[in-house]
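Below is one structure, written out as structure tokens, with a few remarks after it.
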2 protein chains.
Amino acid sequence: MDDSFARENVGLMPYLVAASQVLGVAALAVTGAWLSQYRGGFSWDGPQQFNVHPLCMVLGMVFLCGDALLVFRVFRNETKRATKILHGALHILALIVSVVGIVAVFQFHKKKGIPDMYSLHSWLGITTFSLYILQWILGFIMFFLPGVGFAYKSRFKPLHVFIGFSLLVSTIATCLLGLTEKMLFAIPDQYSKLPAEGILANSLGVVLVAFGLVIGYILTRDEWRRPPLPEEQALSIDFKTLTQGESPTEP
Amino acid sequence: MDDSFARENVGLMPYLVAASQVLGVAALAVTGAWLSQYRGGFSWDGPQQFNVHPLCMVLGMVFLCGDALLVFRVFRNETKRATKILHGALHILALIVSVVGIVAVFQFHKKKGIPDMYSLHSWLGITTFSLYILQWILGFIMFFLPGVGFAYKSRFKPLHVFIGFSLLVSTIATCLLGLTEKMLFAIPDQYSKLPAEGILANSLGVVLVAFGLVIGYILTRDEWRRPPLPEEQALSIDFKTLTQGESPTEP
């Protein structure tokens, strides 16, 4: 990583990437500590099945998805093929972990007779996850399957990037809603007295927001976009001449 | 507006700008309808003082701030000075309306003996508003006061733009948290049965998210950035030679 960064002027990017990882790990650690310390820990068949939901969503939809968005910036001097495979691999992991988290909450609700899908948390969460599946399918078809024209890829890419980051933001907003719901269900009378659990849950919200902000800043700096490698540059000029499309600079 | 758009290829931008305005007005209308129909309407001294809070925050921090971010795209062929004055004027309105909304909720809490600043909604809200004030002061100093060097302005501008949009996103997340809190406080037993008020409040959340998404999409399209006018272009080249800074293309 250092070697890659050294070749060009990436400014504060390595420090911000490091900060994002510290925040991501902190979010996971605080989620785990909160659920273990105050909510009885984890189990699949027992009454703690609910707790699998927040942990899996923070790991899958926040941390792994966030990191998947960063790979084109961090591994900027690897081939595009290798970077795409890493991006896809992180999203496969994210998808598996998130499905486990979603199954956990629906199974828990069913066992306890708790109604589903009435809160803003559930509406935003299920919309975000459904669009994530759609983004997965379209991204796979457009960027992994052979035979899709370069002009189509170029046109689709900015939309793929915008939707990808929007889904991360929407996921973080959904987490904040989930935290608020949980506090008002679990400690309705104590929450307003700022107990340790309330402060911990609010702090988790702050860490999640900070994670999203740092990733958003890294992704929106024009000067930190992955430049095409020399061999891609040559290829892009050829393609451009042929198709009059855009060059394949990574967004 | 049409005349300006006609001069260059702005693609879907006019339609998306129109969509953002429809969504913004819809958010205001739904907020007003919800609070009038289900929460007893508005008053300053009475028990309905709380209701001033959501209405003012949606008007000030969401709708007016969102529109303030769009002016550099929409009025792309006006002078930079005129566009900056409109941007500042919308933010003055937004600031006044938001202060009224914040005073309303603190006064209401004080009268009723309800504790302040314990929820994630309040933490995120007060952080967002404090940073908004800071952004206001720094933006005013850097872009309105005379005497600030062009190189400093160029360096500060991308940060100003990033923080500005982040504050809009953070405001929308704060609104969603506020809606969730209000439902769980006001209709704790009925919310899970999807009553009309619950559906209305959730739908308001969806409209607010859609408003943020459309504005985010408009702002992040490179090709829709405000191009420098011919006279600014000439000036920018002169400055660039003198300072080796960036050109003053609007972000």
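Backbone N, Cα and C define each Cβ position, glycine as well.
Taken straight from TrEMBL:
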DOMAIN    B:19-220  domain 'Cytochrome b561'
TRANSMEM  B:12-35  transmembrane segment
TRANSMEM  B:55-75  transmembrane segment
TRANSMEM  B:87-109  transmembrane segment
TRANSMEM  B:129-152  transmembrane segment
TRANSMEM  B:159-179  transmembrane segment
TRANSMEM  B:199-219  transmembrane segment
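When each of B:12-35, B:55-75, B:129-152 is checked for Cβ pairs under 8 Å to the transmembrane segment (B:199-219), B:12-35 comes out on top. Here the transmembrane segment (B:55-75) has long-range neighbours at 1, 4, 13, 17, 20-21, 24-25, 27-28, 31-32, 35, 42, 82-83, 86-87, 90-91, 93-98, 100-102, 104, 125, 128-129, 132, 164-165, 167-168, 171-172, 174-175, 178, 208, 211-212, 215, 218-219, 224-226, 250-251, meaning same-chain residues at least 6 beyond its ends whose C-beta is under 8 angstroms from one of its own.
Confidence for the domain 'Cytochrome b561' (B:19-220), expressed as mean pLDDT, is 97.
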